[in-house]
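Heads up, the thing below is written out as structure tokens.
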Amino acid sequence: MSVASFFSSLPARPFGYKDGRGRTGMVPTTDIGRRMVKPPVLACRPIESNTYHGSVTSVFLTKSSRSPSPSLSPTPTALDDEIVLDLKPFLIIYKSGRIERFLGTTVIPACPEVATKDVVIDPATGVSVRLYLPNVVDLPSKKLPVLVYFHGGGFVIENTGSPNYHNYLTLLAAKAGVLIVSINYRLAPEYPLPASYDDCMAGFNWVVSHSAGPALEPWLAQHGDFSQILLSGDSAGGNVTHYVAMRADAGVIEGVAIVHPYFLGSEPVGNEINDPANIEFHDKLWRLAAPDTEGLDDPLINPVAPGAPSLAGLKCKRAVVFVAGNDFLVERGRMYYEALVKSGWRGEAELVQHEGVGHVFHLSDYSGDISVAMMTKLIAFLKGE
């Protein structure tokens, strides 16, 4: 039985399903095996780890309450011994329907000390955003550029509260002086695509709605400069950034920063040619996230495939594409940039490549020379410099 047919045979919200709130980055092997979490910076601190069935998840203490681990279904059953799909180090799916996530399940609570908070934007789906507001005490009326951010994780892991994302975006907000809205979208396989895309589009539209009409969120209403809306995301979030920018209304988005984008294709290119195991892994991962997909040349995962919508339709004035030389996906990012430039798109585009580093390296090493250079470049882009 295929993975898609297995899930379609289960009843709605089967025993053991979660709400899709655990995740992490992208490619599973070698340089994209995924980062170890460094001690949180400007964030709540981890106090212990719990190990269960080989899955290690950190538990955080906020005042006197503990944040539950989202990595495992509530109670294992006898059927948990039978594995339907093994996608370690990301996740394992058991015949019972239980999903065990190994990465990206830790959640750091929003911390008032650094002006962050979580807001549910759709009670029906549970989709929320985490906002990051830089210090505006001295300039309470100052308007800030608004950065809408989409996290990575192959559409199956990670969340806005993960230490890597929380710490990185806290640092970026402080250094760049931007108001960041990070979208906590639903995950596959519990919520197959296009759920993630729909949630991110809804989050983007929620932000834009503050430019006119009743104020929904005071931080955005008081401090957001809606003439300076920017999008960014890494890995799967880079994929989503492209998706949203292709579907937004013209004139709304100032610029997009696409970081180490999760794009694939049926024909191996670059680093992929000598790594068939990674290709096989990502083919399985993509089909898990998008069971109705056309395959690796689906325009959702391969925006430069024959028949894909022209990149001339990207709805922004400026774009920067970041790639990493040791990234399995590096050639896909280059191909996207080249296709954008040749498409007839009328904006300004730039490709930034960092050698000797792998997929989303900047999320686990904030102080390294290359990470600092990358953030400096990103900040300059956000400021229009």
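Glycine is no exception: its Cβ is also placed from the backbone N, Cα and C atoms.
Annotated features in Swiss-Prot:
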{"type": "TRANSIT", "residues": "1-77", "note": "transit peptide"}
{"type": "ACT_SITE", "residues": "SER235", "note": "active site, acyl-ester intermediate"}
{"type": "ACT_SITE", "residues": "ASP327", "note": "active site, charge relay system"}
{"type": "ACT_SITE", "residues": "HIS359", "note": "active site, charge relay system"}
HIS359 (active site, charge relay system) CB neighbourhood, other CB atoms within 10 A: 28
Number of Cβ atoms other than its own within 10 Å, given for ASP327 (active site, charge relay system): 28
Cα-to-Cα gap, HIS359 (active site, charge relay system) vs SER235 (active site, acyl-ester intermediate), nearest whole Å: 8
Between the residue listed as 'active site, acyl-ester intermediate' and ASP327 (active site, charge relay system): CA-CA distance (Å): 11
